[in-house]
Amino acid sequence: MKKYLFFRIIRSLVSIFLVTTLTYIIIYSLVPRRDVFKDDTMVQKLKSEPDKLTDYENNAFSKMNYIEYLDTKTLLAKASKDGKEVTAAHTAENKKLLESWAKKNGFALKRYRISKDYYVTRELPIWERLGRFYGNLIQVDNPWAVHDPKNPNMKRYVRFENDKLAGFALVGSGTKFKYQIYFNSSFPWIHQNIIHINLGTSYPTFAGLPVSQVMGSRQGQTVSEKFTFPNGRTLNTSDNIYTRQYQPTANQDDDAKERYGDHYTATDQIQSDPSMIGTSFKAGFFALIITYVISIPMAIVMARFKGRFFDRLGTGIVTVLISVPSLAFIYAFRYAGSALFGLPDSFPTLGAGNVNSWVLPTFVLGFLSVSGLVIWFRRYMIDQQSSDYVKFAKAKGLEEGEIYSKHIFKNASIPIVQGIPGQIIGLIGGATMTETIFAMPGMGKMLPDSIIAHNNPLVISIVFIFTTIAVFSVLLGDILMTIVDPRIKLSTSGDD
Amino acid sequence: MADTTNNLDHSDDFTLVEVDNRITEKIDTPKYSYWGSVAKQFFSKKVTIFMLILIVAILLLSFIQPMFSGYNLMDVANVNDFSARYNWPNAEFWFGTDADGKSLFDAIWAGARTSISIGFISTVITTVIGVTIGAIWGNSKRIDRFMLELYNIVSNVPMLLIIIVLSYTFGNGFWNLIFAMTVTTWLGTAYFIRVQVMIMRDREYNIASRTLGTPTGRMITRNILPYLTSVIVTQVSQLLPSFISYEVFLSFLGVGLSPDVPSLGRLISQYSPYMTSYPYLFWLPVLVLALITVSLYIIGQNLADASDPRTHM
């Protein structure tokens, strides 16, 4: 079993890796790279200044790992390192030196249109881009992470102490984040800043922000709270002190330094609404509960009174639910919900702070998977009805209700437990539609949004996250099944 | 006793009877025709006939009406004619008109034609590839090992995610969209057929057949696939509405089709802001869409039931 599980996890990881890699390759090789500028207002603004536009475009491409780009200043500095001083003057000698440098390092030498200054670009081959993506994927914080030339005598340690701001915490110095492990009142109470996932830089929407921050940081308006700082001052602030990061001496402002008393002054803001991942997760979790709470009793009653009125009614409803496109269903349900119960038909109307905004999307999300679950659960229950052990129980004089709750239900729920991951995969698909229609700021809405904006790094990250969730939920479903029914051995089963 | 029988004269008791071919035919069991029984079973339900009439009407409208209406999504000839705008459904414009003064009736059928065509073509491609490969897959151990890994990788990813990403990368267009929708979906059908083939493969009659030297190809086409007719029809009846759904959702997002191609999804997304002000603009395309998928699904399910020989008794 342990060996099986080990290989299963390896295979899951390989699966995630392959899907992400494939997505990466097809997106970066098939989507025309000029598309990223389609809706970029900066490009329109810079039309009159071709040099700046060239610089802007090349910078964007290099941020997205399409090319490596050195502007005139960096180029001259690099080329001068080889020995002979290269100047910005457009002389034949300088040109020759630059050309030989570019040739040696695999760059192509180009000139700006107006100023005729030199710059170089290098196409990054797809495997190098992939290497960078995976190489930077997981970043581990350590006491040697920060190197600030203006702060040479910084102590480097990681130790457990009672911090004035954060309480008991694993505090680092020389690390990127001050609080490596900390505790507070928000779920799941223990948090870490040691391992961070780096999924690249978002562009052109959320330009310049790390993708992981776009998806993982809280959204909405900033919330300020009264707070007492180590220097004794009490201020209204929206700084999230748990995210204190090292700020190089050059960028530091004195006020912040005085307030915190050290170099760790860069903080995120406390914001009112859950992150994109959090929004999707919250809605998805409750939707899953709704799905099961509705469909299991419904299927039980339908199976028990098979062929009678309720069964036929239920089958009719389920048939319609399956065949009506989700889009039509979501719109119809949304309309009914807002017309009958006065619930907001769009998430931002009342915002994430109000429970009412969550009701309709969550219920829609739950209802979308009800039909599939009811059909299968009813089928399983009916299959069990004619099995020998049920006939035996009947012959021994057990009551119908007892047979259903104690015998049939337990046996029929085995495949249902294994079906939970399928429900989660379905939820992801459903969330894409539901979140888009309700304008709910979650990952599901982000996918079409980033596709329309040609935000390739975000598309890949969403695929990566969804695939990871899906693959591991399948694994979890299998493990759960062996717990529910100990007769099932994963290591010997397998469908071949 | 023996004496009395010997004394009787038998010549008058018996007459010579000719063999009557017609009567032997009648004694035989009634001739069974598979497709005849399927048709009989299929048309025995009133719901099916009703849905069949409905879908035939929709198909005729959506494939013939656009030829006469000459509907063009990009046409804005009436945009300045205020009397043509936002007409509620009436005798002249059966489904009303929109902001550009275009008839919604024309728009719906032109859109339905695209959506239905995409659904049908994708279903045919998926089913043909899926069944062919599934049948081979179920019979070969070597292919099985490779295909199973491939299936494990692909099936873990939500289908909608794959389709969205692919249609994004291949760009907009009718055939690009079909390619994006079919390029991985056939794996699901193939896996399903593989399991069915494996169940059938080891039945006694097939073992007997193999022992008698039937080649694998003939085993698949003659012994196994006929048994799977109802299973395949069930698959088709589920695929068709789901492809139409995908198309609608992608066009709704503006990802799948080029901007000049009308489709139900595009109409729904284009008219969704009018849901309260001019509800007919939004709800009529949704209604037509629902009618198409519901009728196709129910017809498919009933056809699948009818094509199962066990219901022919």
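Glycine is treated like the rest: Cβ placed from N, Cα and C.
Per TrEMBL, these features apply:
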DOMAIN    B:112-300  domain 'ABC transmembrane type-1'
TRANSMEM  B:47-68  transmembrane segment
TRANSMEM  B:116-138  transmembrane segment
TRANSMEM  B:150-168  transmembrane segment
TRANSMEM  B:174-193  transmembrane segment
TRANSMEM  B:224-244  transmembrane segment
TRANSMEM  B:280-300  transmembrane segment
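Tertiary proximity for the transmembrane segment (B:224-244) is limited to same-chain residues at least six positions away from its ends with a CB under 8 Å from its CB atoms, namely 115-116, 118-120, 122-123, 126-127, 130-131, 135, 181, 185, 189, 192-193, 196-197, 200-201, 206, 264, 289, 292-294, 296-297, 299-301, 303-305, 307-309. Through the fold, the transmembrane segment (B:47-68) approaches residues 105-106, 109-110, 112-113, 116, 288, 291-292, 294-296, 298-299, 302 of its own chain, all at least 6 residues removed from its boundaries and within a Cβ separation under 8 Å. Most Cβ pairs under 8 A with the transmembrane segment (B:150-168) among the ranges B:116-138, B:174-193, B:280-300 are made by B:174-193.
Residues 47-48, 51-52, 54-55, 58, 88-89, 95-96, 98, 104, 107-108, 111-112, 115-116, 233-234, 236-238, 240-241, 244-245, 248, 264, 267-268, 271-272, 274 of the same chain sit 6 or more residues outside the transmembrane segment (B:280-300) yet have a Cβ under 8 Å from a Cβ within it.
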